[in-house]
Amino acid sequence: MKLEDIRREYLQNALSEDNLLDDPFKQFETWLEHAVASNLPDPTAMVVATVDDTGQPSQRIVLLKHLDNDGFVFFTNTGSRKAQELKGNNKISLHFPWHPMERQVIVYGEAKPLPTSAVAKYFLSRPKESQLAAWASAQSRPVSSRKVLMETFANMKNKFAKGEIPLPDFWGGYCVVPQKIEFWQGGAHRLHDRFMYQRQADNSWQITRLNP
């Protein structure tokens with residue numbers, strides 16, 4: 001297989017500063033709405049990049065669960081690798097790869113832990129099976145087999161058979177407060193359109209076109 005021959009031209013759209021909204025959150029919402037309306041699979045899926053204390057980065061796909069003018073919100077097991085890395089270094093990057101639309105968005109910022117009340121509100125909105133899975137999984141830690149995992153899930157199902165499933169004390173959430181947000185639109189001949197929003201001291205945003 002010749003990987004160097006695998007390519008395609010990006011011809012769907014062009015992006016100019018005249019097309020951009022002044023507010024990057026509103027611009028993101030507009031693009032996300034387009035992704036949802038276009039029936040893209042998992043339009044809220046984002047690659048979350050963190051770094052450990054040796055400088056080794058790691059990535060994983062997580063779902064965006066809320067967006068407002070404070071930032072981008074996701075939830076996770078606080079014993080997970082990403083949560084442990086964020087304890088030591090809360091710098092974070094998010095990547096939304098909307099390939100069918102020839103678009104991507106990259107967010108650079110800091111992850112701020114959410115208050116327990118916000119975490120509990122979201123946790124209780126999840127399907128019961130997802131709540132049980134949160135209790136059953138010691139995320140990122142070794143497990144001897146899937147059978148063991150499913151047995152733990154069954155035990156949790158029995159344990160919480162009646163009443164409301166409580167919020168695990170090892171489950172939390174983060175708001176990613178962005179300092180920079182890049183919007184990328186594929187262009188013909190690899191002459192892509194890239195615009196970077198950078199937060200200013202007064203919380204306004206400066207927009208700069210970048211070379212592809």
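Placement of Cβ uses the backbone N, Cα and C atoms for every residue, glycine included.
DSSP classifies ARG190 (substrate binding site) as helix under the three-state reduction. Cβ environment of ARG190 (substrate binding site): PRO212 lie under 8 Å away, each six or more residues apart in the same chain. Sequence annotations record features per position, and here Swiss-Prot assigns substrate binding site to ARG7, ARG8, GLU9, TYR10, LYS65, TYR122, ARG126, SER130, ARG190, LEU191, HIS192.
The FMN binding site feature in Swiss-Prot is assigned to 60-65, 75-76, 81-82, GLN104, 139-140, TRP184, ARG194. Around ARG81 (FMN binding site), the same-chain residues at least 6 positions away in sequence with a Cβ under 8 Å from its Cβ are THR50, SER58, ARG60, SER140.
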For this session: Name the one residue among ARG7, GLU9, LYS65 whose Cα is closest in three-dimensional space to that of ARG194 (FMN binding site); these are the binding-site residues.
Result: GLU9
Problem set entry | Sequence-distant neighbours of ARG7 (substrate binding site) in its chain (C-beta under 8 A, six or more apart) | none
Seminar exercise, completed: Check: min Cα-Cα distance from PHE75 (FMN binding site) over binding-site residues GLU9, LYS65, ARG126 goes to LYS65
Seminar exercise, completed: Among the binding-site residues listed as GLU9, ARG126, HIS192, the Cα nearest the Cα of VAL62 (FMN binding site) belongs to ARG126
